[in-house]
Amino acid sequence: MQVTSLSLEAFKEMDYWAVEKYNLSIELMMENAGLQLARLIAKKANESSVITIGVGNGNNGGGGLVAARRLAAWGFNVNLDLVVPITKDLPKAQLERALLFGAKEGIPETTDIWVDAYLGFSQRLPLSDAFVKSIALANASSAFRISLDIPVGISKDGELLGFKANQVMTLAAPKTILEKLPNEVEVFMADLGIPKSVYEHFNIKMPNFKEHQLIAL
Ligand SMILES: NC(=O)C1=CN([C@@H]2O[C@H](COP(=O)(O)OP(=O)(O)OC[C@H]3O[C@@H](n4cnc5c(N)ncnc54)[C@H](OP(=O)(O)O)[C@@H]3O)[C@@H](O)[C@H]2O)[C@@H](O)CC1
Ligand SMILES: [K+]
């Protein structure tokens, strides 16, 4: 019988399989993730929207930085909340590119769309103070809030203890942890380019990515 969603551990294995067996690098998948995130953000934005993207020092942050670059390339006002120093090679390279494309460092006075690319599936609770502070600012603002992959600060039972996302764009496959989100949270799934055979190996139905790269769940 096929499973309908994956635990984070199973998803990490699926990811590893795609990298190892198909030479599908994290950087390539990150490019796909960032483009789909930028498209989702652009749907909510207009020319005068102020967008803030919160970034941590991992691949979730890296995906947010690809989205920042794409949005800046399209002419949007993009700001980066760099909570911690970005020191890892891939997020650091993405940060340099996003800045070259015109994204600005710092949290602006007001934000219309606040994106959580703070931390994804490797987050551990409790969060460090720097993240707690940024999340509190985001939650207190009137911004529309979008999380990349997994909302930062989510509990094991899917409670939004941290970032109160209005939308979540998760990557490649449905995740069990997202099943218990409140009904009003919209969840989308984005195509990373993982082949059908990998879905079959993990006994999960491939979403209909051949028709849509961004699917509402
Ligand atoms: N194919 C895919 O799947 C793709 C996945 N992608 C994305 O990658 C995400 C997973 O990336 P990831 O593994 O790099 O981890 P991520 O969640 O960014 O966090 C790591 C950072 O968090 C930190 N940290 C942890 N806990 C903390 C705490 N309590 N308080 C403070 N810091 C804490 C930790 O610190 P460290 O342990 O190193 O000190 C490290 O710096 C995934 O969700 C998806 O969005 C796409 O970009 C590309 C394709
Ligand atoms: K996130």
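Yeah, the Cβs are placed from backbone N, Cα and C, and that goes for glycine too.
Listed in TrEMBL for this protein:
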- ASN59, ASN60, GLY61, GLY62, GLY63, GLY120, PHE121, SER122, GLN123, ARG124, LEU125, PRO126, ASP149: (6S)-NADPHX binding site (BINDING)
- ASN60, ASP116: K(+) binding site (BINDING)
- 11-200: domain 'YjeF N-terminal' (DOMAIN)
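Among the binding-site residues ASN59, ASN60, PHE121, the residues whose Cβ sits under 6 Å from any atom of ligand 2 are ASN60. Cα to Cα, LEU125 ((6S)-NADPHX binding site) and ASN60 (K(+) binding site) are separated by 16 Å. When Cβ neighbours within 10 Å are tallied across all protein chains shown, the highest count among the binding-site residues ASN59, ASN60, GLN123 belongs to ASN60. In the structure shown, across all protein chains, GLY63 is the one of the binding-site residues GLY61, GLY63 with the greatest number of other Cβ atoms within 10 Å. With every protein chain in view, the residue among the binding-site residues ASP116, ASP149 whose Cβ has the most Cβ partners within 10 Å turns out to be ASP116. Counting in whole angstrom, GLY63 ((6S)-NADPHX binding site) lies 10 from ASP116 (K(+) binding site) by their C-alpha atoms. Over all protein chains present, the Cβ of PHE121 ((6S)-NADPHX binding site) has 18 other Cβ atoms lying within 10 Å. Among the residues ASN59, ASN60, GLY61, GLY62, GLY63, GLY120, PHE121, SER122, GLN123, ARG124, LEU125, PRO126, ASP149 said to bind (6S)-NADPHX, no two Cα atoms are farther apart than 23 Å.
Taking only the Cα positions, the spacing between GLN123 ((6S)-NADPHX binding site) and ASN60 (K(+) binding site) is 10 angstrom.
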